[in-house]
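Report on the following structure.
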Amino acid sequence: MERFAVILAAGKGTRMKSKLYKVLHPVLGKPMVEHVVDQLDQIGVSRQIVIVGHGAEAVQDTLGTRVEYAVQEEQLGTGHAVQMAEAELAGKSGATLVVCGDTPLLTAETLEALLAHHEAQQAKVTVLTAIADDATGYGRVVRGEDGNVTKVVEHKDASEAELAINEINTGTYVFDNELLFDALKQVGNNNAQGEYYLPDVISIAKEAGEVVAAHTAPTFDETIGVNDRVALSQAEAIMRKRTNERLMREGVTFMDPASTYISPDVVIGSDTVIYPGTVILGKTTIGSECVIGPNSDIRNSVIEDHAVVRQSVVTDSRIGEAAQVGPFAHLRQQAVLGANTRVGNFVEIKKSTFGDGAKASHLSYIGDASIGERVNLGCGSITVNYDGKNKFETVVEDDAFVGCNVNLIAPVKVGKGAIVAAGSTITSDVPEEALAIARERQTNKEGYTKR
């Protein structure tokens, strides 16, 4: 059976009180709707239609060509929103999963189980339900003796007996695709809000004698919809705990899981130790037996085995095996460190490569540079790479030694095995194995202070 998905992402999200489109608010560094799309990618959905409205361009910029889009110009209810996908999906045979773009905690495993239950029950509609400790405000799921759904009743319309039910409608469904769009044509808007509600399809299917099934999510937390900043914080806390516990089960040590923020896409090898206050986001991979933190921020980077990163910021970079970074270093924009390198206190590296064994231990800026193997950059070494209009490259070849407080005015090359004396400002290439001195000779004026 072919699988389709409709993601509802057109709501304005007024309760967020934000200029940012609701489904683009991040949970552990990734927009909510992108979490949903990632899970759908894992379960073999052939087409994903995202229903957009307010802020459509921002959603399209985020998701790109991974999905298709349909625009809901007016927000006239969830049923009306799904109808916007009719041009793409009407008449096709298969199952259509309808999910909300503000449910970032839904997992591929739960969605797969929901679809499997739908097929096993030969249902036309299957509702994802959850058991709530406090069901106030949620629609209740009423089941018949056969376990199938007889109706979904909104809280305000529920009887005393129905209010006692703690199984709630999560707003996630699977529909027979052809039935879905046929039934939506019969949905009216004769209600207080004047909107077309998707759950009305359930009643239409029941009246037609079709099977309406229900599958219960493993936990209520997984089904949370984010409507305000409080729920956003709750979702992030749940996802953080879920991610950290998975990594611990895979052999990663957390000194304080509650103060460590790691996105679910991050891969970390066994016997790595994560210290408190660490943030690791994006497409980051960390090897085995590393030490990360405390208080480090790592994004979209690769860190190889046995490396140490302490109290540093690393973005879009690569750190080689057994390298040591920090404290208080900043690697960004394609900084690449080889094995056994050392980058120390208050060193910033941008768009540069360090060969194996190279060191910049203190107070340096290295930008647009190629640093060879076993090079030593002394305290205060600076690559002067920008003339106000253009960036230029600095090359320091293998085994060169650059003394303290040296300015390398790019474009410039320091040859293999060369030495640059401390305090020099280098404007011309330094030959291999040469000593370059570019500073004023010292003059002592005897008795000067007695005048």
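Just so it is clear, glycine is given a Cβ too, placed from its N, Cα and C backbone atoms.
From a predicted model like this one, the values you see are computed outputs, not experimental measurements.
Among ALA400, ALA422, only ALA422 appears in Swiss-Prot as part of the acetyl-CoA site alongside ASN385, TYR386, ARG439.
Between LYS22 (UDP-N-acetyl-alpha-D-glucosamine binding site) and ASN227 (Mg(2+) binding site), the C-alpha separation comes to 8 Å.
Within the chain, the region 'Linker' (230-250) has long-range Cβ neighbours (under 8 A, six or more residues past its boundaries) at 16, 25, 27-28, 32, 104-105, 221, 224, 257, 260-264, 266, 268, 270. Mean pLDDT for the region 'Pyrophosphorylase' (1-229) in this predicted model: 94. Taking every pair among ASN385, TYR386, ALA422, ARG439, the residues recorded as binding acetyl-CoA, the greatest CA to CA distance is 22 Å. Residues of the region 'Linker' (230-250) grouped by DSSP class, helix first, strand second and coil last, total 20 helix, 0 strand, 1 coil.
Within its own chain, ASN385 (acetyl-CoA binding site) has GLY367, ASP368, ALA369, LYS391, PHE392, GLU393, THR394, ALA410 as residues 6 or more apart in sequence whose C-beta sits under 8 angstroms from its own.
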